[in-house]
Amino acid sequence: MVHLTAEEKAAVTALWGKVDVEDVGGEALGRLLVVYPWTQRFFDSFGDLSTPAAVMSNAKVKAHGKKVLNAFSDGMAHLDNLKGTFAKLSELHCDKLHVDPENFRLLGNVLVCVLAHHFGKEFTPQVQAAYQKVVAGVATALAHKYH
């Protein structure tokens, strides 16, 4: 559960309605793989990830980024039940994929950077603060199975 004021909830949902999940998702996942290259080990089947340009133009990275943000959209629709919303993904990432849960926090922070880049002045410090709460809540929900 994320504790947002009514104003924060309105701000994050209004902005999220404008997000192009394909564009933002691909950029966010791509940036994660470039900025934190050790995360690439989970994407061996994605082909060429040898340079930042290769990562950012990789069709599989873009497609998976879209998939990630579609799941994030589910969370945005259920901010009062993130643990339940992400229970199956938490189990998958813990039991089958063995993803370090710290990576969820890293991706959340990268997503905030990408949103700031895409929305510029509309992404005010207040909106950023609200999104930081949301991505922290999603990261906690995804890490739930690890505890």
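Even glycines carry a Cβ here, placed using N, Cα and C.
Noted in Swiss-Prot for the protein shown:
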{"type": "BINDING", "residues": "His64, His93", "note": "heme b binding site"}
{"type": "DOMAIN", "residues": "3-147", "note": "domain 'Globin'"}
{"type": "MOD_RES", "residues": "Val2", "note": "N-acetylvaline"}
{"type": "MOD_RES", "residues": "Thr13", "note": "phosphothreonine"}
{"type": "MOD_RES", "residues": "Ser45", "note": "phosphoserine"}
{"type": "MOD_RES", "residues": "Lys60", "note": "N6-acetyllysine"}
{"type": "MOD_RES", "residues": "Lys83", "note": "N6-acetyllysine"}
{"type": "MOD_RES", "residues": "Cys94", "note": "S-nitrosocysteine"}
{"type": "MOD_RES", "residues": "Lys145", "note": "N6-acetyllysine"}
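If you check the recorded positions Val2, Thr13, His64 against the residue listed as 'phosphoserine', none has a Cα inside 10 Å of its Cα. Looking just at the domain 'Globin' (3-147), the mean pLDDT is 89. Other Cβ atoms within 10 Å of the Cβ of Lys83 (N6-acetyllysine) number 15 in total over all chains. Checked against His64 (heme b binding site) by C-alpha proximity, the modified residues Val2, Thr13, Cys94 yield Cys94 as the nearest. For the recorded positions given as Lys60, His64, the lowest number of other CB atoms within 10 Å of the residue's CB is seen at Lys60.
Taking Val2, Thr13, Lys60, Cys94 as the modified residues under consideration, the smallest Cα distance to Lys83 (N6-acetyllysine) is found for Val2. The residue listed as 'N-acetylvaline' carries neither a helix nor a strand DSSP state and counts as coil. Summary: among the modified residues (Val2, Cys94), the fewest other C-beta atoms within 10 A of the C-beta are counted at Cys94. All protein chains included, the residue listed as 'phosphothreonine' registers 15 other Cβ atoms within 10 Å of its own Cβ. Look at Ser45 (phosphoserine): DSSP puts it in a helix. Closest to Lys60 (N6-acetyllysine) in space, going by CA atoms and restricting to the modified residues Val2, Thr13, Cys94, is Cys94. If you draw a 10 Å sphere around the CB of the residue listed as 'phosphoserine', it holds 6 other CB atoms from the protein chains shown.
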